[in-house]
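Chemist: For reference, TrEMBL lists these features for the protein:
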| type | residues | note |
| --- | --- | --- |
| TRANSMEM | 19-37 | transmembrane segment |
| DOMAIN | 27-514 | domain 'Major facilitator superfamily (MFS) profile' |
| TRANSMEM | 95-117 | transmembrane segment |
| TRANSMEM | 123-147 | transmembrane segment |
| TRANSMEM | 192-212 | transmembrane segment |
| TRANSMEM | 218-239 | transmembrane segment |
| TRANSMEM | 326-347 | transmembrane segment |
| TRANSMEM | 367-384 | transmembrane segment |
| TRANSMEM | 391-408 | transmembrane segment |
| TRANSMEM | 420-445 | transmembrane segment |
| TRANSMEM | 457-479 | transmembrane segment |
| TRANSMEM | 491-511 | transmembrane segment |
Amino acid sequence: MATVPPGIRLLVSFDRDQWYRALTFILTFLLYTSFHLSRKPISIVKSELHKNCSSVNELATMASSSSSQQPSLPSLHTGTDCSWKPFDKRNYKQLLGAMDYSFLCAYAVGMYLSGIIGERVPIRLYLTVGMLTSGLFTCLFGLGYVYNIHNLGFYIFVQVANGLVQTTGWPSVVTCIGNWFGKGRRGLIMGLWNSHTSVGNILGSLIAGYWVSSNWGLSFIVPGLIIAVMGIVCFFFLIEHPNDLKSMYAHNSSPSKNVPTRSWNGVNGQTEVYLQYKDNKTQSYDTELLLPRDGVCVPMQPVVVVKRELEPSAISFMGALRIPGVIEFSLCLLFAKLVSYTFLFWLPLYITKAAHLDAKKAGDLSTLFDVGGIVGGILAGVISDKLGKRATTCAVMLLLAAPTLYGFSMISELGLGPTVGMLLVCGCLVNGPYSLITTAVSADLGTHKSLKGNARALSTVTAIIDGTGSVGAALGPLLAGLLSAGGWDRVFYMLMTADFLALLILLRLVAKELTSTKSRPISTVELKEH
């Protein structure tokens, strides 16, 4: 008889629960990758909405001067007529900043409501509707190019609407991943999982960059279709909680079919009904725990349905704020996300101006920041798991990030090689704390011991932390648009100040962690999975 191939032996070595965990991990990863993929095009298209038309003017001047047989005609191109109206004016940076602000402000406001709604409706349906509508509004922005729309109000409206519906994503996927994975090695698992943010940014940059110079409308339409398709996939395959599977298997294995019954006269002539358990039968999760394996007859009590525990009520907004650490990490994320989203929305344009590259090359180069972000998120998760100190890990990375940002502003003008290296380092140090707070820290606080096992608080806690961070995400690009008019140095000073403020907010938690005698690696702490 032939031996079983090693690949098959590996596949069958995993039990059913592990396969469902892997499915949830991969599916939620792909779902939120599509969210970030659909947000990235605006940063790539900015340099196309307002072009540097000096080269066009030079070509027009050379053509008119070389033609001596024809009378001199005025240039057909002005300094801005190759740009897309209404972004052809001198205040184009403020207009582009206003578009970013409209999206991110709507996202920040909607995030506080999203977590509360997400705990009261089925997550799968909530996420599906959000992804379909997000795909619609992303495509609408691209249709502005197709139908030659130059009304600023149209683009602002699309950005606001898209910002609101995109808030359905983060609380939903974090709640799902938190339901399936316990606290042991949560930093590593969520560090790997949170790389979807950077993967989405990279894919969004590459997809948008492919069409940005020829037809920037497709830079939005294609990502919009992708997130809509992923919304349909979410509807058919997302499993919100392991208990959903238990109820399904319990329903499929009906007692009337799998377990025979006996009845005879009991005490005082009353008829008692018994369930007989046979050891060679595979029972459901709950039956397996309740029934013995010795063929013993167990008398049934006159109870039709028995619930193992009462359904926990959703936590209030103020109740979530009282969880220790929620306020500090929320405010820290405000400044950390301010830095990260300023890079997200303005880095390609900065590279275009500083390194004198076209829109496609600048977009491709900006993906290195996200590559560094993947490494930073995983590194922060591993270190925090090993040390058992989430706040301290964030604080050290924030302390190193500020001088690195200053170094990037100096080195980026020295050539392509140094810029590549500094982009990787900046991405690692900037996105490391941001990644750790939005994933492992949020999940830890959402399952804090003060909640007494109420898993329904996770969505609200996640929304509060990320919603507060989104306020910073809205302010960062807006301030960058205003400050860049006086020079990019001011933007980098603003980013360094934000990093230092984030560090100061965490100092109390850092001191508490360092002085705690109970601090030990999180992976060794016995914590209940839920």
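In case you wondered, yes, glycine gets a Cβ from its N, Cα and C as well.
Those TrEMBL annotations? Automatic predictions, nothing curated.
Given the structure is predicted, the values throughout are model-derived calculations rather than measurements.
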Chemist: Are the transmembrane segment (457-479) and the transmembrane segment (19-37) close, by which I mean at least 3 Cβ pairs under 8 Å that are 6+ residues apart in sequence?
Modeler: no
Chemist: Are there at least 3 C-beta pairs under 8 angstroms linking the transmembrane segment (326-347) and the transmembrane segment (391-408), leaving out pairs fewer than 6 apart in sequence?
Modeler: yes
Chemist: So, do the transmembrane segment (218-239) and the transmembrane segment (367-384) meet, by the test of 3 or more Cβ pairs under 8 Å (sequence gap 6 or more)?
Modeler: no
Chemist: Look over the recorded stretches 19-37, 95-117, 123-147, 326-347, 491-511 and say which has the most C-beta pairs under 8 A to the transmembrane segment (192-212).
Modeler: 19-37
Chemist: I'm a bit unsure how to read this: which one of 95-117, 326-347, 420-445 has the highest number of Cβ pairs shorter than 8 Å with the transmembrane segment (367-384)?
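Modeler: Of the candidates 95-117, 326-347, 420-445, 420-445 scores highest.
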Chemist: Do the transmembrane segment (123-147) and the transmembrane segment (19-37) come together with 3 or more C-beta pairs under 8 Å, pairs six or more apart in sequence?
Modeler: yes
